[in-house]
Amino acid sequence: MRMGGEIEAYCKEQNDEEEIVEDREVEDEKMVAKMRYSAAAIGGGFSPPKAVVVGYALTSKKTKSFLQPKLEGLASYWNAETACLTEYGCRKCRNKGILFVAIDLSKPLSDQGPFDIVLHKLSGKEWRCILEDYRITHPNVTVLDPPDAIQHVYSRQSMLEVVAELNLTDPYGKVGVPEQLVIKKDSSSIPDSVNMAGLRLPLVAKPLFAKSHELSLAYDELSLQKLEPPLVLQEFINHGGVLFKVYIVGEAIKVLRRFSLPDVSKRELNSSAGVYRFPRVSCAAASADEADLDPHVAELPPRPLLERLAKELRHRLGLRLFNLDMIREHGTQDRYYIIDINYFPGYGKMPGYEHIFTDFLLSLVQSK
């Protein structure tokens, strides 16, 4: 079947959403020796230069993808194990004056720092409680972003409800969400629930909680019973096989094209059956920025529309670091849909992210 073959070939070519970069290894003994030499040369103990101090609590995978050399080259990097700046950081920190410090999760957060900003992407009730207490006791520290706001977008039900309530319409276009249905249990009742809700096949099935990036595409009612709740079912909207990754960093907006699932014709829908599973949403993450595309498909969403949308969602979500997966309905010029929202996405894959992100961090401190 052509559709299945396209999807299988297409998925094999994609990269993981989180780009893994090589670790920058530093030999502790050599670094300590260099710092002692520097301290002796100036006739006193070494202290880091005055900088905006950003404490970060990230998974190891997120640390590797985010703290890339091109970002560190604009900032500086504090090595907690040796209590000094790396040689690379000492040389470069004057460029932007930002110091990244790893938060030690084995110690009380209040005993660390002092921080100007806390940057985090960890889950768990205990960590949320720690951060909430820290925000109360350290009101002058900017926490990116509030734990409760982040939790709101971990549910695909609540994240898209915000967009649906917004119902954004202006001269540049209309933004909504696909018709969707939340199924929390009992897979055998899914076909009846879909019929009652009036959803049209094919349907995209996604886990209810965004910590998982798997998705499935179901072509017939019988196959719906093979899905595993809790999940969200969304009507699949033909969009020319291209989606727009709208990255938001404070007030900055960057849009990239990504290849997506191909359109489904009525003929293919009538002749297809079953459920096609995709291990990650990043199966659709191959860049389409340089591809030879139909201009109507490749055209980016209008900037004024994105600016208004980003402003509204920053306010309603209470977030400053997120991205939107946005599609344009094929055959239209101004009908857009948000199909997913991700907190603190893979900024390392965004061209120029190091300049955008460091400027954003500095603006947070300067605005106080």
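Quick reminder: no glycine exception, Cβ is built from N, Cα and C everywhere.
Just so you know, TrEMBL annotations are computer predictions that nobody has curated.
Quick look at what TrEMBL lists:
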BINDING   Lys121, His213, Lys245, Asn342, Gly346  1D-myo-inositol 1,3,4-trisphosphate binding site
BINDING   Arg156, Lys206, 234-245, Ser260  ATP binding site
BINDING   Asp325, Asp340  Mg(2+) 1 binding site
BINDING   Asp340, Asn342  Mg(2+) 2 binding site
DOMAIN    53-75  domain 'Inositol-tetrakisphosphate 1-kinase N-terminal'
DOMAIN    92-150  domain 'Inositol-tetrakisphosphate 1-kinase N-terminal'
DOMAIN    172-362  domain 'Inositol 1,3,4-trisphosphate 5/6-kinase ATP-grasp'
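Feature map: annotations from TrEMBL on the structure.
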residue	record	Cβ contacts under 8 Å, 6 or more apart
Arg156	ATP binding site	Lys206, Pro207, Leu208, Phe209, Ala210, Val232, Asp340
Gln234	ATP binding site	Val177, Pro178, Glu179, Gln180, Leu203, Val204, Ala205, Lys206, Ile339
Phe236	ATP binding site	Pro178, Pro202, Leu203, Val204, Leu217, Leu261, Val264
Asn238	ATP binding site	Asp263, Val264, Glu329, His330, Gly331
Gly240	ATP binding site	Asp263, Leu293, Asp294, His296, Val297, Arg328, His330
Val242	ATP binding site	Arg257, Arg258, Phe259, Ser260, Ala288, Leu293, Val297, Ala298, Ile327
Phe244	ATP binding site	Val255, Leu256, Arg257, Arg258, Leu300, Pro301, Leu324, Asp325, Met326, Ile327, Arg328
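Residues Lys121, His213, Lys245, Asn342, Gly346, recorded as binding 1D-myo-inositol 1,3,4-trisphosphate, reach a greatest CA to CA spacing of 20 Å. Remark: Lys245 (1D-myo-inositol 1,3,4-trisphosphate binding site) has Val255, Leu256, Arg257, Arg258, Asn323, Leu324, Asp325, Met326, Pro345 as non-local neighbours, by Cβ distance under 8 Å and separation of at least 6 in sequence. The C-beta environment of Asn342 (1D-myo-inositol 1,3,4-trisphosphate binding site), restricted to residues of the same chain at least 6 apart in sequence and closer than 8 Å, consists of Val153, Ala210, Phe322, Asn323, Asp325. When pLDDT values are averaged over the domain 'Inositol 1,3,4-trisphosphate 5/6-kinase ATP-grasp' (172-362), the model yields 91.
Mapped onto DSSP classes, the domain 'Inositol-tetrakisphosphate 1-kinase N-terminal' (53-75) shows 11 helix, 6 strand, 6 coil. The Cβ neighbour count for Asp325 (Mg(2+) 1 binding site), using a 10 Å radius and every protein chain shown, is 19. His213 (1D-myo-inositol 1,3,4-trisphosphate binding site) has a Cβ environment of 18 other Cβ atoms inside 10 Å.
The residues of the domain 'Inositol-tetrakisphosphate 1-kinase N-terminal' (92-150), classed with DSSP into helix (H, G, I), strand (E, B) and coil, number 24 helix, 13 strand, 22 coil.
Counting neighbouring Cβ atoms within 10 Å of each of the binding-site residues (Lys121, Ser260, Asp340, Gly346), the lowest count belongs to Lys121.
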